[in-house]
Amino acid sequence: MSASSDAEMAVFGEAAPYLRKSEKERIEAQNKPFDAKTSVFVAEPKESYVKSTIQSKEGGKVTVKTEGGATLTVREDQVFPMNPPKYDKIEDMAMMTHLHEPGVLYNLKERYAAWMIYTYSGLFCVTVNPYKWLPVYKPEVVAAYRGKKRQEAPPHIFSISDNAYQFMLTDRENQSILITGESGAGKTVNTKRVIQYFATIAVTGEKKKDESGKMQGTLEDQIISANPLLEAFGNAKTVRNDNSSRFGKFIRIHFGTTGKLASADIETYLLEKSRVTFQLKAERSYHIFYQITSNKKPDLIEMLLITTNPYDYAFVSQGEITVPSIDDQEELMATDSAIDILGFTPEEKVSIYKLTGAVMHYGNMKFKQKQREEQAEPDGTEVADKAAYLQSLNSADLLKALCYPRVKVGNEYVTKGQTVQQVYNAVGALAKAVYEKMFLWMVTRINQQLDTKQPRQYFIGVLDIAGFEIFDFNSLEQLCINFTNEKLQQFFNHHMFVLEQEEYKKEGIEWTFIDFGMDLAACIELIEKPLGIFSILEEECMFPKATDTSFKNKLYDQHLGKSANFQKPKVVKGKAEAHFSLIHYAGTVDYNITGWLDKNKDPLNDTVVGLYQKSAMKTLASLFSTYASAEADSSAKKGAKKKGSSFQTVSALFRENLNKLMTNLRSTHPHFVRCIIPNETKTPGAMEHELVLHQLRCNGVLEGIRICRKGFPSRILYGDFKQRYKVLNASAIPEGQFIDSKKASEKLLASIDIDHTQYKFGHTKVFFKAGLLGLLEEMRDEKLAQIITRTQAVCRGFLMRVEYQKMLQRREALFCIQYNVRAFMNVKHWPWMKLFFKIKPLLKSAETEKEMATMKEEFQKTKDELAKSEAKRKELEEKMVTLLKEKNDLQLQVQSEADSLADAEERCEQLIKNKIQLEAKIKEVTERAEEEEEINAELTAKKRKLEDECSELKKDIDDLELTLAKVEKEKHATENKVKNLTEEMAGLDETIAKLSKEKKALQETHQQTLDDLQAEEDKVNILTKAKTKLEQQVDDLEGSLEQEKKLRMDLERAKRKLEGDLKLAQESTMDMENDKQQLDEKLEKKEFEISNLISKIEDEQAVEIQLQKKIKELQARIEELGEEIEAERASRAKAEKQRSDLSRELEEISERLEEAGGATSAQVELNKKREAEFQKLRRDLEEATLQHEAMVAALRKKHADSMAELGEQIDNLQRVKQKLEKEKSELKMETDDLSSNAEAISKAKGNLEKMCRSLEDQVSELKTKEEEQQRLINDLTAQRARLQTEAGEYSRQLDEKDALVSQLSRSKQASTQQIEELKHQLEEETKAKNALAHALQSSRHDCDLLREQYEEEQEGKAELQRALSKANSEVAQWRTKYETDAIQRTEELEEAKKKLAQRLQEAEEHVEAVNAKCASLEKTKQRLQNEVEDLMLDVERSNAACAALDKKQRNFDKVLSEWKQKYEETQAELEASQKESRSLSTELFKVKNVYEESLDQLETLRRENKNLQQEISDLTEQIAEGGKQIHELEKIKKQVEQEKCEIQAALEEAEASLEHEEGKILRIQLELNQVKSEVDRKIAEKDEEIDQLKRNHTRVVETMQSTLDAEIRSRNDALRVKKKMEGDLNEMEIQLNHANRLAAESLRNYRNTQGILKETQLHLDDALRGQEDLKEQLAIVERRANLLQAEIEELWATLEQTERSRKIAEQELLDASERVQLLHTQNTSLINTKKKLENDVSQLQSEVEEVIQESRNAEEKAKKAITDAAMMAEELKKEQDTSAHLERMKKNLEQTVKDLQHRLDEAEQLALKGGKKQIQKLEARVRELEGEVENEQKRNAEAVKGLRKHERRVKELTYQTEEDRKNVLRLQDLVDKLQAKVKSYKRQAEEAEEQSNANLSKFRKLQHELEEAEERADIAESQVNKLRVKSREVHTKISAE
C-alpha cells in the first residue's frame, strides 16, 4: 500500500488526518527504537493482551514487564511477537509481519485512537463505529476517491464502492458489497454511504413522471428516499443502538451500459415481528409509532383516532418512548415526504397510516372470561370499533371471529370457543402479521417504483445483514442469523482463498488447492441437510401432537454423539436454560427451543383473515389475498403429496430466501465490509478489547487471517526486495554488471541463513510465509546497526583529522603575527619611521584625486552601458515570458501524453493479464468438459447396461408396487367418494330445507294474494293448512332433535359431527324464527299496503277472475309440488335404507379400525364432556320447545286476529286492481322460480339415486379389489416358491458346468505352448503397430498446431503492417499470444517426447526421424520465443519483427513439407503393417479363440466359487486395505446385520396388522438379497482382474478421490438414516401395539361405562319410587362412579387433558351429591309426587317407545351409518396416513439400500472405467458359455453353431481386447495410487485427530494450571497482605522505640 505525501493527501481536505498518517508520523515511526526480541504482546485476563517487554525465559515460562509496570510470568504460547514500528497503524493488516490476534487488536486500537476508522484486512474492510461525526463523507472526499485504485487511496467505504463500480465497468461483471456486524456497529450508516456514493458518481438527473404528469423526483432521490421509509417501519431503538435495523436487506443498484443509474430493487430478510407486540425496558418499538404520536401532523392523529401519548397504547409503551438522538417530528416529515417521492398513491398512503394505527389499537382490546365458563368475551367494544373502522371491517364480525373462530372438523366448519389467553395470543399474531405483510408490501411497491424500465446491464448489490449473535438466551431467530453468517463465511473463505490461490497459479508457484469453504461444511450440513435441525423442525410441525420435548428428543436421537458440532449444553447457574449447543466458526452457541414449533408454523386466526380478505380497504385485502389456512390447504390438496406454498413454515421460507441470496452472491464479485462496535457505552474513542476480539471472531476477520497464514501472506516485488534487503549480503550480488532482479533475489536468499521452505519465487514477486518477513527485518536491522556503527567510526576519524589540520594552520599563523608585531615594536620609535608615518597619508590623497576623476569617467560609461543593458534586459524578459509559457504548455502536453500513455500501458497490461487468465480458464474448462463428457458417456453406457440387467429383477417389484399403489389409490378414491357422498347428502338436506323455506315463502305470498281477492276463505284455509304443515315440520324437527339427542348418547365417538349437526339445527331453528319474524313484518306491510290500495280494487274485477283461475292453477301446482316433496321424502327414506345397508357393510371395517386405532385419549375425554353437554342440551332443548310452542301459539292467535281483520276488509278489496297488475308479473316470476325449484328437487333426487347406486358399485368394486389383492398375495407366495426351486436348479447346473469346464481345460492344455508363442508374436506386432499409430497421431496433431500457428503469425504480420500507429497494444497482444502458444507447444511437445520415449523403446529405429523433427521444432520454438521477447522489449523494432516473421514463415513451410513427407511415409508403413497384422491375427484367432474363452470362463468360474464364500471380507479388503478402516467396515457390517435382524423381527411383529404388505416385503427382501448376492458375486469375480487393473489412469485418481469420499460419507449417512428409520419403525410399531391395547381397554371401559350409566339410570328411576331404594341405588352409583373415575385416572394419567377430565368428573360428582342432598331434603315431597311422576314417566316412556319404534329402523340406522362412516373414514384416514408413513419409510429404506448399491456399482464402474467394457463383454461370454454348456449337456447340435458364432465375434473384438488389457495395466497403477492416497488421507485424519486431542488435553491442562495459578495468586496475595500487616506492626514498634 503506497504511502501518499502530504501534498497528495491535500485533495481530501480536512478529512486527510482521519484517513492516513502524515509524513512526519511515518518518519518518526521508522526511527522509533525497537527491539524485536524483547517487545511482545502477552495474554492477560483483564485486557486480553498487553504490550510487554521480556525480562527472562526459563523452563517454558517467560517473565515480562508490562507497559503499566507490572511483572508477569506466563507460558511461551501466551507470548506473541510485536510488529516493528513501521507497521504501526498499517492500513492493510494482512501485510503485517506477525499475524495474530493481539497484532490485529492493537493496530485497530491505535488507528481508532487517531480516528482512522477504516482498515483493510486482506479482502476485508474493517470499520469501527466512532460514535461521533467525522468529516470523511464530504463531497470533496467523494471526488477524491473517484477513479482511484485501492492501493492509491487510504482505506474507506468509498474506496470499496468505487472499486466495485470500476470492476463492474471494466470486467463486465455484477458486484456485491457485504456489510455485516453487530447491532450498533454502523452497518446502516455504511450502507447509506455506499448508496450516497453511487447516487453521486452515477447520476442521470432525469426526473420521473407518473401518469398524471406529477414529478416524483429523480431516480437518485428515490433510491435515497427509500432509506427513511424503510428505517421508519423497520428500525427501532435497542440497548446498543438508537437506530438499529431489525431486518436484513439486499439492495441491488442497476446500471446501464454507460455506467449511469438505471434502476434499483430491495430484498428484505428476517424482519423482527415480535417487536410489534413486545419490547424490553431499555428498548422501544419501530419508529413509525412514535413519529405518528409526535403530533407533528394533527390531522393524522384525528384520522387514526389516537392520542399523542404513546403510554395509552400497550403494544408500543413496554419500554422507552423517546430517544435523545432522534427527533420524531422531523423524522415523520421525512417519512411522509419519502412516501410521496416514492410514488405511493394518496389512497395507499392513507392505508399505510390506518393499518399502523389499527395495530396500535389492537394492543388495547380487552377480553374477559364468561361466568362459569372458560369462554372469552369482549370487555367493551370501543377499541374494537376503532380498529375495525381503520381496517374497513365490521366490529361485531371482528369480535365474533376472535372469540368464536370457525374451525374445520372433518368436512364441516364448527364454531370453537376460545379462552382469554388464546384470544390475546390471536390478537398479537394478527397484529404482527398485518405489520409484517404491510412492510413487505411497501418494499414491493418501492421496487416497482424504482424499476424505471430503462435498459440495464449490470448491478451492484449491497447486503446489510446482522452479524453473528451469541446471547444468554438464543432462540430460532439467532439460529437463522447465525446460519446465514455461516453460509456467508463459507462463501468468503472459498472466494478469498480461490483468489489467493489463483495468484499463486498466475505466479507459477507450486501449490495444492485447498478449498477452505469446506471448513464450515459440517455445521452447515448439520443445520440444513436432510434430517438436520431445520428438517426435523419442519417434520415436527407437521405432527399435531408434537411438542418442544419431542423435538428435542428427536434432535438428541439424530445428532447427539453422532455429530461433533452438536453438543449437550452445560448447566450454568444464573444463565438461561439451553437445550442444545452448536459449534459455529465464531464459537459455541447454546440454543433454547421453547416455542420453536409455534414460531415456525406462525398460525393465524383464519376467520379474521377471511374478514381481512373481504375488507373494503384494497390494501388490506391485497395483503392477505394469497393467504390460505393450513386446514384449507390440506383439504384442497389431499390428492397431492406436496405442501402448498400457502402453508409454508418460517424456516422453509427463510432457507428459500437464503438460497436465493447465496445464488445472487455467487453470481457476483464480492467485496467485504466488517463493522465493529468498540464499546457498550457508546463512548467515542474507547475500545473494549474482549468485545472487539469477540466481534473479530464472529465477523471472520481472524478466520481470514488464519487462511492467510496457511499460504504466503507476505509478498514483495523482486526489485523492491533487492533494493531493501541487498544489505544483508551485498557480496552475493556482483557489482559493476547487470543482473536480473529475480536472479539477484534468488542468490540473496540462498546466501542467507533462513529456512528455505518458507518462501517461494513467482514470476514477478517473492512470496513469504507468515513471520519470515519479520525475521528478515530483524536481520536487516542488525546489519544496518553494524554498518551504521562502522560508518560512524569512519566519519568521526575523518572529522578529527580535518580539525587537527586546522589547528596546525592556526598555530603557524599565530607564530607569523607574533614575529611581525615584535619587529614593529622595535622600529616604531625611529625618526625615519615617524617621517614615514607623516608623508604616507599625503601621497595617498593625490592619488585619490586622480582615482576620483578616472572613476567619474568610468561611472558615466557604466551608466550608459546600464541603460543599454536595461533595454536589452526588458526585451529578453519579454521573450523569456513567452518562452516560459510555451514551455509550460509543452510540459502539460507531455505530462498528459505520459499519463495517457501510462494509463494505456496499465490497461494493456490488465487486458493481457485478463486474457491470460481467461485463456487458462477456457483451457481448464474445455479439458474438464472433455473429461466430464468422456466420463458421462462411459457412465451412461454402463448405466444402460446395468438397467438392462436389473430390469428383469425389478419388473416384479414394480408390478407389485403398481398394483398395491393402485389398490391404495382405489381405496382412497372409495373413501373420498363415501365422504363426498355424505357431504352431498348433507348438502341435499340443506337444499331440501331451503326448498321447504322457499315453499313456505311462496305459500305465504299466495295467501297474501288470496287475502287481496274475493276467495279469502280459500286463502285462509290454505294458510291454516300451511301453518299446520309448518307446525308438523317443527314438530318433526323437534322429534328429530330428540332422536339425535338420544342417538348421541349411543354414538359417543361421533361427537364432532353431531355437535356440528346440533349447531346447524339450532341455527336452522333461529333461521325459522327469523323467517317468522320476517313474515310478521311482511304481514304488517301488506296490511298497510292493502289499506292504501282498497280504493283501487274496484277497477280490476275482470282481471280478478283471471287471477282467481291462475291462483287455482297455482294451488293445484302447489299440491302437486307437495306430493313430489312427499315422494322425495319417500325416496330419501329409501336412500337412507340403502345407506343403512352400506353402513352394515362398513361396520366390519369400522370394527377392524376400532381394534387397530380404538378410542384415543381425546375421545375418552370427549365422552365425559358429552355427558354433561347432552344434559345441558336437553334442558336447553326443552326450554327451546316451550318457547317455540309459546311463540307458535302467539303466532296462531295473531294470525287468527289478522284473518278476522282481513275478513272484514274483503268487501274493500275491489279497489286494488292496479296493485294486482303489478303483482301479476311478480307472481309469474315466483311461479317460474317454483317450477325451477321443483325441477331442481327432481334433479337432486335423481342425483341422489345415482350416488346411491355409485356407492353400491364402489363397495362391490372394493370387495373385488380386496379379493384380487388376496389373489396377488397368493401368487407372490407361489412365485417365491418357484424362484427357490429355480435357484436350486441353477446351482445344480452350475456344478455340471464346473465339471464340463474342467474337461474342456484338460482337453486343450496340449495347444497351450503353441498359442502362447503366437500370442507373444502378436503382442510384439501390436505394440509396434500401436507405437506407429500413436506417433502418426501425435505428428498429425503437431502439424495441425504448427499450421494454426503459421496462420496466426501471418495474420499478426498483416495486422502489424496495417496498424503501426497502434504498435504498443498489438505488440503486447502478440507477446502474450506467443508466450501462451509457446508454453502450450512446449508442454505438448514434452508430453509427446515422454510418450514416444515410453512406448517406442523397442522401435527406436522407426521414430528417429520423428525425434529429429521434434528437436528441430524445439529450435524453431526457441527462435520464435526469442523473437517475441525482442518484440516485447522494443516497440520501435516492429519492422524488424515483421521481417523475422517472414523468415519464420519460410521455415514453417519447410517444416510443414517435411512433416507431410514423413506423414506419407508413415502412412504407407502403417497400411503395410496393418495388412500383415490382419493376416496374422485371422490365423492366430482361429486357433486361439475357443481355448481363450474356455480358459477365461474356467478361471472366472473358479474365482466365483471361491469368492462366493468370502464376498463380504473380500469387498472390505478391496475398499479399505489401509488398516483401521477394515475394523470400521466390519463394525458397519455387524450393525447392518443386526439392523437386518431388527427389521425382520419388526416385520414379524407387524405381520398381524399389515398382512397385505407381508408378501411385498418378503419379495423385496428376497430380490434385494438376490441382487446383492449377484452384485457381490460379480465384484468378487472381478477381484483378481482388478488386481491387474491397478497400474495406470493417473488422471482418474484426482476425479475419483472426491467421488469416493462423497460415496463413503453418503454411505455412512445412509446407514445412519437407515438405522434411524428402522428405529422409528420399531417405535411406531410398538406405539401401534400399545395404542391397540389401550384402544381395546378403553373400548371395554367405554362399554362398561355405558352399562354402568344404564344401571345408574335404572337406579335413579327406582329412587323416584321410594326413599330406601333411592339410597341404595345412590350408594351403588357413587361406588361405581368412583371406580370409573379411578380407572380413568389410571388409564389417562400421562395425557395433558387428564386434569380437565378429572375436574369435569368431580363437578359431576358434586352435582350428583347435591342432587342426593336435595332428594334427602325433599323426601316427603318426592313421596307425594311419586304417583304423578310415575304417570308422567309411563306416558313419556310410551311416547318414547313409540317414537323409537317408528324412527329407529330408518333414521337411526341412517344417521348412525353416516356418523360411523365419517368416523370410520377419519380413523381409516389416520390408519392410512400411518400406513402410508410406514410405507414411505420402508420405501425410503429400500431406496436407500438401492441407492447405496447403485452408488457402490457406480464407484466400482468409475474405478474400472475403460476396463468395464471388457468386464461386460466377459459377462456376456459367461452367459453364452452357460448356454453352450446346457446345450452340450443335452448333446444338441446347437453347440456347434454357438461356437461358430463366438468365433466370429471373437475375431471382431480382438483388437479391442488387446487395448483393454493395456487399460488393465493402467487401472492397476490407478488403484495403487488411489489406495496410497487414501492411506495418506487416513494418516492426515489420524494426525489431525491426535493433534486435536492433544490440543484439547493441553487446553484442559492449561485451564487446570490457570485455576491452580489463580489459587496460588490468591494465597500469595493473602500472604502478602499478612506480611504487610506484620511489617506495619514492626515499623510502628520500631518508631515507638
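Keep in mind that glycine also has a Cβ here, set from the backbone N, Cα and C atoms.
Source: prediction; values computed, not measured.
Over in Swiss-Prot, the protein carries these features:
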{"type": "BINDING", "residues": "Gly181, Glu182, Ser183, Gly184, Ala185, Gly186, Lys187, Thr188", "note": "ATP binding site"}
{"type": "COMPBIAS", "residues": "1127-1146", "note": "compositional bias 'Basic and acidic residues'"}
{"type": "DOMAIN", "residues": "88-781", "note": "domain 'Myosin motor'"}
{"type": "DOMAIN", "residues": "781-813", "note": "domain 'IQ'"}
{"type": "MOD_RES", "residues": "Thr66", "note": "phosphothreonine"}
{"type": "MOD_RES", "residues": "Thr71", "note": "phosphothreonine"}
{"type": "MOD_RES", "residues": "Tyr389", "note": "phosphotyrosine"}
{"type": "MOD_RES", "residues": "Ser1161", "note": "phosphoserine"}
{"type": "MOD_RES", "residues": "Ser1236", "note": "phosphoserine"}
{"type": "MOD_RES", "residues": "Thr1285", "note": "phosphothreonine"}
{"type": "MOD_RES", "residues": "Ser1291", "note": "phosphoserine"}
{"type": "MOD_RES", "residues": "Ser1302", "note": "phosphoserine"}
{"type": "MOD_RES", "residues": "Thr1500", "note": "phosphothreonine"}
{"type": "MOD_RES", "residues": "Thr1516", "note": "phosphothreonine"}
{"type": "MOD_RES", "residues": "Ser1713", "note": "phosphoserine"}
{"type": "MOD_RES", "residues": "Ser1738", "note": "phosphoserine"}
{"type": "REGION", "residues": "1126-1146", "note": "region 'Disordered'"}
Least surrounded among the recorded positions, given as Gly181, Ala185, Lys187, Thr1285, when other CB atoms within 10 Å are counted: Thr1285
Winner by Cβ contact number (other Cβ atoms within 10 Å) across the recorded positions Thr66, Thr71, Ser183, Thr188: Thr188
Cβ neighbours of Glu182 (ATP binding site) where a neighbour is any other Cβ within 10 Å: 24
Close in space, distant in sequence - Tyr389 (phosphotyrosine), Cβ under 8 Å, 6 or more apart: Leu305, Ser395
Entry from the binding-site residues list Gly184, Gly186 having the most other CB atoms no farther than 10 A: Gly186
Model confidence over the domain 'Myosin motor' (88-781), averaged pLDDT: 85
Counts of helix, strand and coil residues, the domain 'IQ' (781-813), according to DSSP: 33 helix, 0 strand, 0 coil
Candidate nearest Gly184 (ATP binding site) in space, where candidates are the modified residues Thr66, Thr71, Thr1285 and distance is Cα-Cα: Thr66
Cα proximity to Ser183 (ATP binding site), best match among modified residues Thr66, Thr71, Thr1285: Thr66
Cα separation, Thr1285 (phosphothreonine) to Gly186 (ATP binding site) (Å, whole number): 79
Cα distance (Å, whole number) from Thr66 (phosphothreonine) to Gly181 (ATP binding site): 32
Top Cα neighbour of Glu182 (ATP binding site) in the set of modified residues Thr66, Thr71, Thr1285: Thr66
Cα proximity to Lys187 (ATP binding site), best match among modified residues Thr66, Thr71, Thr1285: Thr66
Nearest of the recorded positions (Ala185, Thr188, Thr1285) to Thr66 (phosphothreonine) - Cα to Cα: Ala185
Extra residues within 8 Å (Cβ to Cβ centroid of Gly181, Glu182, Ser183, Gly184, Ala185, Gly186, Lys187, Thr188), ATP: Asn129, Arg240, Asn241, Ser244, Gly467, Cys675, Ile677
Collapsed DSSP category at Thr71 (phosphothreonine): strand
Rounded Cα separation (Å) that holds between Thr1285 (phosphothreonine) and Thr188 (ATP binding site): 77
Reduced DSSP assignment, Thr66 (phosphothreonine): strand
Per DSSP, three-state class assigned to Thr1285 (phosphothreonine): helix
